[in-house]
Amino acid sequence: MKASTTGSRLIGLTLLALLLFLPPILLLFDRPGHSGLSILPFYIFIAWLGIIALAAWILERDHEN
Amino acid sequence: MRTELVSLAFAFGYLAILFLIAAWGDKRSEQGRSIINSPLVYTLSIAVYCTAWTFYGSVGRAAETGPSFLLIYLGPTLAMLLGWFMIRKMVRIARAQKITSIADFISARYGKSVRLGVLVTLIAVIGIMPYIALQLKAITFSHAVLTGYPTPPIQTLAQETFWLDKSLWVALVLAIFIILFGTRHLDASERHEGMVAAIAFESIIKLMAFLILGFFVVFWLYQGPLDLFSQAAARPDLVGSLGLSAVPGQALGWVGTLVLATLAFITLPRQFQVLVVENVDERHIKRASWTFPLYLVAINLFVIPVALAGLLLGPAAQEPDSFVLTLPLAAGLELLPLIVFIGGLSAATGMVIVETIALSTMVSNHLVMPLLLRWNWLHLDPGRNLSGWLLGIRRVAIILILLLGYLYHALIGDSYSLVTIGLVSFAAAAQFAPALLLGLYWRGANGKGAAAGLIGGFLVWAYTLLLPGFVQSGWLAPGLIEAGPWGVAWLKPYALFGLEGWDIYTHALFWSMLVNVGLLAGVSLFTRQSRLEQTQAALFTEALRPDVMQTPLWLGQTTRGELYQLLNRYLGQAATHRVFERHDGRQSSNARDESIAPPGLITQAEQALTGALGSASARVLINSVVRGEALDLEAVLSILDTTTQTLEYNRRLEQKSAELARIGEELRAANERLRELDRLKDEFVAMVSHELRTPLTSIRAFAEILRDSPDIMVEQKNHFLGVIVKESERLSRLIEEILDLARLESGRMRLNPQVVNLSQLARDSTDAITQLYEERQVTLKLRLPDQEAWVMADPDRLQQVIINLLDNASKFADSTRGEVLMQLEAHGKNWQLAVEDNGNGIAEEEREKVFEKFHQIQQQGQTPSGRPRGTGLGLPISRGIIAHLGGRLWVEGPHFLSGARLVIELPKLQAPHETQM
């Protein structure tokens, strides 16, 4: 039972990562910040770290059981 | 410090450290204390993904195409998120079937096909060779920048002779390294622990080097990231450099490259090697699923700052691919460029080592072995031992691959920039993805489809990426790209069928995948699988099910001797002994053993051969000695198909058996209870018989005396007759009571409950018993309330109980000054009627026993002379009646006198008038 929960969560997380890393959500962040440079790379790094943190949370919680 | 000698000393010193670490890792492995058995080392070994292409090329790519370099690392992040399903499945299959490379994996999946093994190996060699060349080129190039700065590397290199090219010497050192640590044993499925340890170490070095450089650029050259970004923003030509507009193909190119990187991460031969073949414990995948993406974030953190700093530096920074070196060189630093150079060297060598091991295994097992096996049958003496040969072939393959890589770099390497080769290689490796991934999840995919898909996809790849690359290198006329071959516009390699405006990689990926997946699916749907394919397909797709991989059974026959000879020939004596020992637990066979080999032994022998030669060749060899039906495919397939049903049945059976156990428990409890009741019944019958016999005996005795002695005195006669009457009364009373008890216990006692004044009833009862008390000289005191005590009861039965209690009390009261107290009082919602005597009382532990049938209290020291004995049924009956009336009857210690106190408790009726209605 436990394993399938982790599996569903991982699939959900992968879909979330796809949503965040692909247009059209991606296009929302492709605009200049106040320095004039595009904030796209910053957005990607933050989304990336968020996905990793969620993955760590899902997988390590399962690990303890 | 930038002299030739120092940089060479650093470079070869670094390689020497690699040798030491690898030797240490192998030694620890032999001692059984593996150092690579940790999720961290596994993560670092996967980081071989970050090659010189990452180390130098990411900055170059960021400088030219903005954030698109990130896609190369977002793809693996996506793949790792699914690693717990996909990679774990591959690891499990590879372990069970002793698979040693991606060519072996695909060949094994499609029925251990020789043809597919050859195909995958050829595509890998053609597609990946430039990538190895790229790493060697990076070493040469970075060394030229390091020693020649500020002279551009092209000029520095132009002065060098062929033999002085550093990458040639690095390649030779690496060849020695790989031969030493990559071909120690023939069985390629045994892990290369020393090699993996060295790779993990290299991953630390390249990350550290890049982070140090990043800190230097951001905090030394500039006052932190804000300073750097604001300076970059001030340059109009850099303003758009970080947006999607800088990415080739924009949004579509973005998606295409992401898909490409995701697929390539799994299908690149070196990634397959570290992810699957070198995996020690499948639980490591779980940790690596998030630590490896974290590594990727870390190594990419400073790419954009370094790229911007390089662009800001202007011409002094030279080519974008060498910004990482030229930035510290331009600042006049000595040590930092060396550290960066070593970092780049570690990235390049790590890739070359793993890729060469993977490719050489594929070449020796899937190209050379099948050829050798055919050739061998024609020419070689069958008794000859070939195990030494096999290692030799693999070593020659290693040297050839490295030399080819070097020649590729030395002769034609200048024609591509770093990034271009990388993505072209990725696109070639991605052609394995449909056969690999569909094969993992779709049982119907077959070998013909896979071969058609691979060939089709590879041809499209060659046409859309490789051929135009040749044009750009100047080997073919540029008209091919601009006008299409023979001027046919819809055949233009970068705009096939008029599909224009896409970036070249997305374009190539789309067409090659369309052809590849289309052929794989289409051909699979319209052709049949061979029996062996069916089995393998089932084993692969169901790999995550427990115990599935142990199913294959050999039904063919061969002798142990033949098997022994075969293994001995290809694996050598030591390995052969190990296989036989593992199976038998002892060394028992030799070449002349004529006994039949058991199926398990044949399976193990095939696996041992697979580990060394690849599954296709192992299959051919085993078939050469095994006669008759080889595998019971029907059995395996039906086992697999029925496994699901069996699991379901098992689950239901478990439920049923749990239920049965519970019912059994209940039955046992009920049985216990019945036995107990049976025992009680027997006791009861015995007691009743006994009680009935006593009066009967005396009646009979006196009656006999009267019959036999006609001359008996009248007084005596009367006395005897009195006894007979009394005993008869006792007998009838006893029978009456037994009947009462039987009615009570069977629940057939009829009660006529009505509203009764308990106070009045108690008084009436005393009237009925006054005569008896006088006879026994016992004083009876009453403490009854003035008010009426209404209860719901059957008056006759309740009176019977009260009289019984009073009778008992008089029997057990003090024999000389007998005294009995009857008291009625309200107690909460109940009325309590207590009868207390001044006898000896009842001991605490005896108090419940008096309610047992036929229980007689032992009257210590005195016999109840003149007082009739009870039947021992009065109290049980009384308690039964009171319980029927909804009340309680119990014994407690004396309150006012010294003896026992029996209490009847009945619920109060609050409004008697209303209840009467």
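Using the three backbone atoms N, Cα and C, a Cβ is placed for every residue, glycine included.
All annotation found in TrEMBL is predicted automatically rather than curated by experts.
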Exercise. So which range, B:653-687, B:688-722, B:723-757, B:758-792, gets flagged coiled coil in TrEMBL?
Worked result: B:653-687
Seminar exercise, completed: Long-range CB partners for the transmembrane segment (B:116-134) (under 8 A, at least six residues beyond its ends), listed in sequence order, are 51-53, 102-104, 106-107, 110, 268-269, 351-352, 355-356, 358-359, 362-363, 365-367, 370, 401-402, 404-406, 408-409, 413, 416, 418, 421-422, 424-425, 427-429, 431-432, 435, 447, 450-451, 454-455, 458, 461, 614, 616
Problem set entry | the transmembrane segment (B:290-315) in contact with the transmembrane segment (B:167-183), cutoff 8 A, at least 3 CB pairs, sep 6+ | no
Exercise. Can you find at least 3 Cβ pairs under 8 Å between the transmembrane segment (B:335-368) and the transmembrane segment (B:449-471), where each pair is 6 or more residues apart in sequence?
Worked result: no
For this session: Please give the average pLDDT for the domain 'Histidine kinase' (B:687-910) in this predicted model.
Result: 82
For this session: Mark yes when the transmembrane segment (B:251-269) and the transmembrane segment (B:68-87) have three or more Cβ pairs under 8 Å (sequence separation 6 or more) and no when they do not.
Result: yes
Exercise. Near the transmembrane segment (B:415-442), which residues from the same chain, at least 6 beyond its ends, have a CB less than 8 A from one of its CBs?
Worked result: 51-53, 56-57, 60-61, 72, 86, 89-90, 102, 105-106, 109-110, 116, 120, 123-124, 126-128, 130-131, 133-134, 137-138, 257, 260-261, 263-264, 266-269, 321, 450, 453-454, 457-458, 461, 465-466, 469, 472-474, 505, 508-509, 512-513, 516-517, 520-521, 524, 537, 540-541, 543
Exercise. Hey, does the transmembrane segment (B:251-269) touch the transmembrane segment (B:195-222), meaning at least 3 C-beta pairs closer than 8 angstroms, sequence gap 6 or more?
Worked result: no
Exercise. Who are the long-range neighbours of the transmembrane segment (B:251-269) in its own chain, taking Cβ under 8 Å and residues 6 or more past its ends?
Worked result: 49, 68, 71-76, 78-79, 86-87, 101-103, 124, 128, 244, 275, 355, 358-359, 362, 423, 425-427, 429-433, 436-437, 502-503, 505-507, 509-510
